[in-house]
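Quick look at what TrEMBL annotates:
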type     : residues : note
TRANSMEM : 15-37    : transmembrane segment
TRANSMEM : 49-65    : transmembrane segment
TRANSMEM : 85-110   : transmembrane segment
TRANSMEM : 122-144  : transmembrane segment
TRANSMEM : 174-197  : transmembrane segment
TRANSMEM : 218-239  : transmembrane segment
TRANSMEM : 251-271  : transmembrane segment
């Protein structure tokens, strides 16, 4: 490298992103294979299966885009990646959690068959999560517009790192995400818990220990799927408000994205039955 260029300092953040992104991306590949191996032609037509496959695909595509971007910055340190490529990768990382969280709505809909549920009840149940997700999308769209405007005067990476600390767009989106996940998880746990207690009190249902154990596992899985992303999101807000570095915050953002993908897959796989 040219004299005066701190080469190790330049590549260290890129290597961190490659290490974290590639590790999670490699976890998704065998899960994608297993989804197809343990599914049936019928279950593959279900919306929850298609959504899970799409969520995994988003994680893999994001990992590939990010790895290439970081590889490019290492190999060509004096030739920055194009702004459009960086903005596209950032857009995928901040918008995909909204779609991934939407998959969790299948857990609520599973308790309300379309044939037995009125449209007004569906609207009442889904009004809050849909409204919150719409707000999240608007906030992130404004954030991306802000980044794109800043890129006209300086590079995207430089501008993003300068506006990252105490960023009100990101803090608002993360706060809305916690409200969103809290509502969906609480509603699901309430319905599933009531269903479990009903079966437990029923002599015919209580005799089926395997079924009750399956329901208990779903309760634990749903709780775990909420707790880990929730605390990661709280950590993101704290670090961002404390003016922590852009690299540390972005690494945590990436990890939270993949944790959400993995959690949603394991939490919704039951919706199509045990054929998975």
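Each Cβ is built from the backbone N, Cα and C atoms, and glycine gets one as well.
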The transmembrane segment (49-65) vs the transmembrane segment (251-271): three or more C-beta pairs under 8 Å (separation of 6 or more)? yes
Count, for each of 15-37, 85-110, 122-144, 251-271, the Cβ pairs lying under 8 Å from the transmembrane segment (218-239), and report the range with the highest count. 251-271
Folded-back contacts onto the transmembrane segment (174-197), same chain, C-beta under 8 angstroms, at least six residues removed: 97, 101, 104-105, 107-108, 111, 125, 128-129, 132-133, 135-136, 139, 212, 215-216, 218-219, 222-223, 225-226, 229-230, 233-234, 236-237
Test the contact criterion for the transmembrane segment (15-37) and the transmembrane segment (122-144): 3 or more CB pairs under 8 Å, pairs 6 or more apart in sequence, then answer yes or no. no
